[in-house]
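To start, the structure itself, in structure tokens.
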Amino acid sequence: MTGDTLLSVEGLSVAINGKTILDDVSLTLAAGKILALTGESGSGKSMTALAVMGLLPGRARATGAIRLGGTDLLTRTEAQMCDLRGNDIGMIFQEPMTALNPVQTIGDQVAETILIHGAADRQAARIRAAQVLGRVGLPQDRFPLTRYPHELSGGQRQRVVIAMAIALRPKLLIADEPTTALDVTTQAQILDLLQSLVREEGMALLMITHDLAVVSDMADDIAVMQRGKVVETGPTRQLFARMAHPYTRQLFEASGHRVSLPPHPPADRPLLEVQSVSRDYPLPRRLPFMPRQNFRAVNDVSFALMQGDRVGLVGESGCGKSTLTRAILGLEPVQEGRILLDGAPVFAHGHPNLEVRRKMQVVFQDPYGSFNPRHRVGKLITEPFHLLPAQPGASERQDRIAEALTAVGLSPGDADRYIHAFSGGQRQRIAIARALIIRPELIVFDEAVSALDVRVRAQILDLMADLSRQYRLSYLFISHDLSVVRTITDRVLVMRHGRIVEDGPTEQVYTDPQHPYTRQLLDAAPRLPEITPESPHAPA
Amino acid sequence: MLTYLLKRLTSLVISLLVASLVIFLVVEVAPGDPASFMLGLNAQPDTVAALRSELGLDMPKHARYLGWLSGMVSGDFGMSYTYRTPVAQMISDRLWVSLPLALMALALSTLIAFPAGLFAAARRGSAGDMGVMGATQLGVAIPNFWFAMMLVLVFAINLRWFSAGGFPGWEDPLLALKALTLPAIALALPQAAILTRVMRSALLDILGEDFMRTARAKGLSARQAIWRHGLRNALIPVLTIIGLQFSFLLAGAIIIEQVFFLPGLGRLVFQAITQRDLIVVESVVMLLVFAVIVVNFAVDLAYAVVDPRLRSRR
């Protein structure tokens, strides 16, 4: 089988309401092979997958051909496509948390794929469902068919989605960002599972991802998409070695982007002191009137951040880093220990300490959700002024708005525009301008670049390095992304189960991790191949 | 599940107690003497005194509350001042009209709303959807007594299929149901309009969920995906509205009962209020509160049946 073309997309174009979404896309994928489709958001990767599934939005018009084993899917009727989906093509989605029906057991949902195609009777379908769940790593003794999705973790749910997709051993498996929402260690496991399915069951895998590192060591071929077009395609090794198209090169360089952080200024005094902090959450009562149990989200955490320090805080979801962040920002009280900024507590007498708050600003992950859409940028970025004891006058206000916007690479004229007029990267620049405008001592970056495309992310990281140079910034950079933390910090804290398990200079932690968990994280993190692409303009 | 049940039950009992206390305080303890209120402005002082002792108003307040409460638990709601008959008897007579009427109306509105909501949601933006939405707009806007009068005009006066009003009693169940049919339809139409809109928007929310896309990827057709995965998830908001509607239908039918001359709870309360028969008013209000709370409890249980996440929540 291997070597025969299974899927061939020929000159596929898709338009929605006259707007071109896909433009002359051609791909081929052989049985037993993995084709990675990569590119930034809006490049048409997911649309290509939905076109293959025949699940394009109602108003979309597709031309060209999508051949699966010789038949053109675009000429199939909806009823014929229903037969095909789940049977010959299986699909896995990005969000395992919401991809399953919350009111049905996992057994029913996996068995449904088999029943809907009349492949077996109810009894046989359940037996097959149990087998498939076992195959994807959910054995019956621990994960019986009667489990509901909410009783499983994100990685386990993704396994259920995979089980649904492969229950009838489809020839083609499409995975749309299957690990983007997962932690690195879970990601590594799911990628292993997908690879073994391709190897052992002879499926062809069309894998969509924005992350070059993820596919670099598993895909046989890579197709790079930009604005609805395939700009470069070829065998993985060759493509990385050649990088004929400048966009491929840009993506590669941005993915592994290293900033030049200015040298660490000599530290003279501790800025942020976290002293034996614990944070408890009450759990729901098991029975009415029973005493409440507590869940300790942050457990006896201590560290100090000196002035000029650029510290990273990494850990997987649920490790307590968000809880710790909220405590540092003074948004919530802690049950034990104390948090001092410049010697004063961040939370006092039941509310955040404003004296301290003006020395600390935060930049959040979501560049869309953290702004009021009805205010102009000038008003948005001057919001922190209310923390100041004396409000600056009108002309000083204008000066500071202009200065902050210029500092983040925007123009003073942008102050009069509304937030919807800006792209995701520009919005994150505005968020940084808002944090800078009152010249805080400390900035907390809470997953601040996680929602950005790689090229924009690289620009924002460069901006942060520049600002460090200009303003001698001290910051706490919280992220699940190990590669980003490595380049933007001097020191890193690794958090697990509410505790800091490792704390040391960034390079040292990355090259010589002491704690087994740090080692596990670093091993699981996908890495770009060690290729220095030849410059197209280099002398021969 | 057991914890969930226990929690809901506890909250049921507490709500009932609080409600009874509030009703008692408002009616009996609030400034103004119930006895003189009931007898009107020109009552003789000795008549008022006689009524006071008959009502037990000379007893301490807490004893009166406990007496009222224990009476109700054992089915003794006191005597109607106007009719001199036990209130419990009066209420139960009226319930035999109001309860079937409310249930019929609810069943009808659900039977109309589910298919209509499904139809509209599945064809969002189509002419069919717009037609359904237009009809519900009318259904919400037009008062139910107008529907009632139109129904009487068409089906009772012109076609003579139904009688124009009155209730023959349950000796002949078929005749009784027939008498309740037109009022039930009149009550159901506006409720169905509301429920259709809720059903449609709940389904539209669900249609945008990721798991609906997963269902399509398995090979389910759009219709199968709605039936197998959409409907049950959309039920939660719909159940909430159904619960609210039942409580409303039980006592909210005053106007419809007037139009059709039905001896229901609504008319009983209306008459009791005009005759200042506080004992009847108090008892009916307590009964309605009881119905609302019990229905809410039932809705909570229905949630748990529909949604496994509630069952396992501790």
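Note that Cβ sites are derived from N, Cα and C of the backbone, with glycine treated the same way.
Cβ atoms under 8 Å from those of the transmembrane segment (B:12-30) belong to residues 57, 61, 64-65, 68-69, 72, 278, 281-282, 285-286, 289-290, 293-294, 297 of the same chain, restricted to positions at least 6 beyond its ends. Summarising the annotation, TrEMBL assigns transmembrane segment to B:12-30 (among others).
The transmembrane segment annotation in TrEMBL covers B:95-120 (among others). Outside the transmembrane segment (B:95-120) by six or more residues, the chain places 128-129, 132-133, 135-136, 167, 170, 176-177, 180-181, 183-185, 187-189, 191-192, 195-200, 202-203, 226, 231, 238, 242, 245-246, 249-251, 253, 257, 262-266 with a CB less than 8 A from a CB of the stretch.
Per TrEMBL, the feature domain 'ABC transmembrane type-1' maps to B:95-299.
Residues annotated as transmembrane segment in TrEMBL: B:141-162 (among others). Residues 178-179, 181-183, 185-187, 189-190, 255-256, 259-260 of the same chain, all 6+ positions outside the transmembrane segment (B:141-162), place their C-beta atoms under 8 angstroms from a C-beta of that stretch.
Marked as transmembrane segment by TrEMBL: B:174-195 (among others).
The feature transmembrane segment is assigned by TrEMBL to B:234-256 (among others).
According to TrEMBL, the feature transmembrane segment maps to B:284-306 (among others). Below 8 angstroms of C-beta separation, residues 1, 4-5, 8-9, 12, 15-16, 19-20, 23, 72, 91, 232, 235-236, 239-240, 242-243, 246-247, 250-251, 265, 268-269, 272 of the same chain, each at least six residues beyond the ends of the transmembrane segment (B:284-306), sit close to that stretch.
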Report summary line: Tertiary contacts of the transmembrane segment (B:174-195), defined by C-beta under 8 angstroms and 6+ residue spacing from its ends, are 97, 100-102, 104-106, 108-110, 112-113, 116-117, 135-140, 142-145, 147-148, 151-152, 155-156, 162-163, 166-168, 238, 241-242, 245, 248-249, 253, 256-257, 259-260, 262
Query raised in the report: Which residues of the same chain, at least 6 past either end of the transmembrane segment (B:234-256), have a Cβ under 8 Å from a Cβ in it?
Result: 98-99, 101-102, 105-106, 109-110, 113, 143-145, 148, 183, 186-187, 191, 194-195, 198-199, 202-203, 205-206, 262, 264-267, 269-270, 284, 288, 291-292, 295-296, 298-299, 302-303, 306-307
